[in-house]
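Swiss-Prot lists Thr45, Cys46, Asn47, Arg48, Ser101, Glu106, Asp107, Gln108, Gln112 with the feature substrate binding site. Annotated active site, nucleophile per Swiss-Prot: Cys46, in sequence order, evidence recorded as sequence analysis. If you look up Swiss-Prot, you'll see His91 marked as site 'Important for activity'. Per Swiss-Prot, the feature NADP(+) binding site maps to Gly177, Tyr178, Gly179, Glu180, Val181, Gly182.
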Amino acid sequence: MIGLIGIRKNTPLEIREKFIVKSKKYNEYFGELLKELNEVVILATCNRTEIYFNASLNEEELLKKIFDIFNWDYEYKKYVFITNNKDAYRHLFEVCSGFHSKILGEDQILGQVKDAYEEALEFKAVSLELHRLFQEAITCGKRFRKEAKLFEIPVSSSSIVVSEAIKRECTKFMVLGYGEVGQLVMKYLLSHKIQTVYLVVRNPKIKDEIQDERVKVITFEEKNKYINSIECIISCTSAPHPVVKTEDISESGSRLVIYDLSVPRDVEKEVALLSRTEVYNIDTISRIDDENKKLRKDKMEDNRHIMNKYLKEYDEWLKLRSISHVIKNLKTVGNDVYEKRVQTFSHKSKDKNDIALAHKLIKSTSDFYINRAIEVIKEETLKGCGEEWIGIIEKIFMTKE
């Protein structure tokens, strides 16, 4: 049975923190888990804790063992969900396609799932069923994003402002601040064909980290030398006061687009009154964000059929795998019948040509009926009637002579 144990989505942060998975203890975790489970993958990120497994234990017994291995307090069991079979692997396909991410359709989770799968491979914790499941889910996630073209709809403030600036044909930029948001802004900017970015920072040593000739790292004291030569400012500092003021900007000149991603604001209110400026603050950007989230959600639902196709294929593969022993037995029976019939004929005929012909005819006849029986079992298994038909076919073909 393929199953999944995970932390519920609405679990408060202070409770989520109690479900710690320590990366340094993976060797110990996998060692203990594989004593109880046939296969296991640990997916642990800052927003997600999920254990995928292949086992035959009952749910209560399984939960207790998992809690013991990870040293979790069983008192918090109510914050955990457990599901199995199709619901479990549907969840993984949805995770890889971005349906369960805080930012719908984001790419990061796909890399995290891939890392978790490769980690399990290193510890020899996956074999056939989870191996196939994770390969299919990762492939599905890649194809889903590509065909749904989610990249066309940015849903984070940093990606939105870059997208909006590029639409306005800006090519010369100034980015103020190089914290988490600033780094994302730079990443998105440098993925486009822009001309120049003046990166304004307090620590000029940051220039050693950036290997791109389009980037000029400058200090806040130097920013006013270049501020009137650019077309767009993106400000994302943590300063408690404005860092872009009216006196910094010349009243004459071409249009200047300014995006202020900071709270409190980086850009002085009066800057918006200048005739050449267009100023957008975090509230304006958030409205674009809300619209984009709805657009992205609609687009993802429109393309859910891509995920459902992979889900169906895996489900069918799993069902057919469950009857592999029956197929193997049928082929063995067919081969036994063929060999016995050929042996009987060989004793009755001395003509080598006749014996060779008999070999071919008996083999082809045996293969025809066995293969047809296998086709019927596969068809009926996928319809959900496999057990009944396996019983009938075994009665026909596997009766002792």
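Cβ coordinates come from backbone N, Cα and C, glycine included.
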Residue from His91, Gly177, Glu180, Val181, Gly182 whose C-alpha is spatially nearest that of Ser101 (substrate binding site), among the recorded positions: His91
Substrate site, defined by Thr45, Cys46, Asn47, Arg48, Ser101, Glu106, Asp107, Gln108, Gln112: further same-chain residues with Cβ within 8 Å of the Cβ centre: Lys102, Ile109
Max pairwise CA distance, angstrom, over record-listed substrate binders Thr45, Cys46, Asn47, Arg48, Ser101, Glu106, Asp107, Gln108, Gln112: 15
Distant-in-sequence Cβ neighbours of Val181 (NADP(+) binding site), under 8 Å, six or more positions away: Ser157, Ser158, Cys236, Leu261
Non-site residues, in chain order, whose CB comes within 8 A of the mean position of the CB atoms of Gly177, Tyr178, Gly179, Glu180, Val181, Gly182 at NADP(+): Gln183, Leu184, Val185, Cys236, Thr237, Ser238
Spatial separation of Asp107 (substrate binding site) from Tyr178 (NADP(+) binding site) - C-alpha basis, Å: 22
Fewest other Cβ within 10 angstroms of its own Cβ, chosen from the recorded positions Cys46, Ser101, Gln112, Gly177, Gly182: Cys46
In the chain carrying Asp107 (substrate binding site), residues 6 or more apart in sequence that have Cβ under 8 angstroms from it: Gly98, Arg145
